[in-house]
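Quick look at what TrEMBL annotates:
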type    : residues                                                 : note
BINDING : G59, S60, G61, K62, G63, T64, R169, V178, Y179, T246     : ribonucleoside 5'-triphosphate binding site
BINDING : S80, R85, L105, L106, V107, G132, F133, P134, R135, Q139 : AMP binding site
DOMAIN  : 169-204                                                  : domain 'Adenylate kinase active site lid'
REGION  : 1-21                                                     : region 'Disordered'
REGION  : 168-205                                                  : region 'LID'
Amino acid sequence: MRRQESPHVSRGCLRQGPRNKVPGAASGADVWAACWAARLLAKAVASKLLRAVILGPPGSGKGTVCQRIAQNFGLQHLSSGHFLRENLKANTVGEMARQDLEKGLLVPDHVTTRLMVSELELRSGQHWLLDGFPRTIVQAEAPDKICDLDLVISLNIPFETLKDRLSRRWIHPPSGRVYNLDFNPPHVHGIDDITGEPLVQQEDDKPEAVAAKLRRYKDAAKPVIELYKAKHKVASLLHQFSGMETNKIWPYVYTLFSNKITPIQSKEAY
C-alpha cells in the first residue's frame, strides 16, 4: 500500500489574485481547481509506474532474470555493477572504490548509495528494476527516500548449485559480461564473444574462495530480507522464488509481473 499524501498545492495555486477581476481572466476558484487537477494527475501517473528490486546471491541468475523482465515488460534495468564500471572508466570513483571493484569486492555503502540515488533521481518518470542494489541494510534505506517500491524479488538457490555455478564463471571485466562454462560458454574458450578480449576468473570465484563469498553475501543480505518481510505484511512487497534452474523459476516471475504491468510483447520472450 502506498503512503497517503495530502495533495500539495503551491503558493501560486493558493493566491487568489486581484479583487478587480480582469475580463476573461480565470477566477481564484478556477486557478485552484486547475492546480488541484494537475496535482492529482501527477500522482495518478506516478502510481502507474512500477519500481522493483531483485535480490539474490552471486550466481543466482539475477542478471538473466533482470534482462528478461526488461525485455518483456519494458522496465529500465539498473545494475549497480554497470554504473560502477562506467564511473570507474570516467575516474569518478575514489581510489579505494577502484581497488575494491578491480578485486571483485563490495564497494563502500556511501559510494554505491550516492551513485544509485543519483541514477534513480534521473528516472523519476520511468519504470525501473534494481539489480545489485541494495545489498546492505544501509543501502536499503535509500530508495524509500525517493519513492515507494512495488515489488521485491528474492531468488533462493541451493548453496551447492551456487558454488558450482560460481566456480565455472568467467567474466569480461570491461563490460561485466558473465559466462558459465556449463550453460553459457563463450564461442571460443577464454575469449569474450563481442570484443575478442580475454576473459578472467575473479579471485573470489575460484573454488577455494566461493564459500566465503557466499557467507559474506548471506550475512549482509539477511537484515535486508527481514526489512522487506516486515514491509510485506503491509504492502505484499516481498516475493521469494526457490529453485535450481533459472528457466524453471522464470515463469513464476513472469506471472507475478504480468499481474502488475502489461507485457510489451504479445509472446513471452526468453
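Backbone N, Cα and C atoms are what each Cβ position is placed from, and that goes for glycine too.
No curator has checked TrEMBL annotations; they are predicted automatically.
The least crowded of the binding-site residues F133, Y179, judged by other CB atoms within 10 A of its own CB, is Y179. Among the binding-site residues G59, G63, Y179, not one has its Cα within 10 Å of the Cα of R135 (AMP binding site).
Among G59, S60, G61, K62, G63, T64, R169, V178, Y179, T246, the residues given in the record as binding ribonucleoside 5'-triphosphate, the maximal Cα to Cα distance rounds to 16 Å. Sorted by the number of other CB atoms within 10 A, the binding-site residues R135, R169 start with R135, the lowest. Around the Cβ of G61 (ribonucleoside 5'-triphosphate binding site), a 10 Å sphere holds 22 further Cβ atoms from the protein chains shown. Closest to F133 (AMP binding site) by Cα-Cα distance, out of the binding-site residues G59, G61, G63, Y179, is G63.
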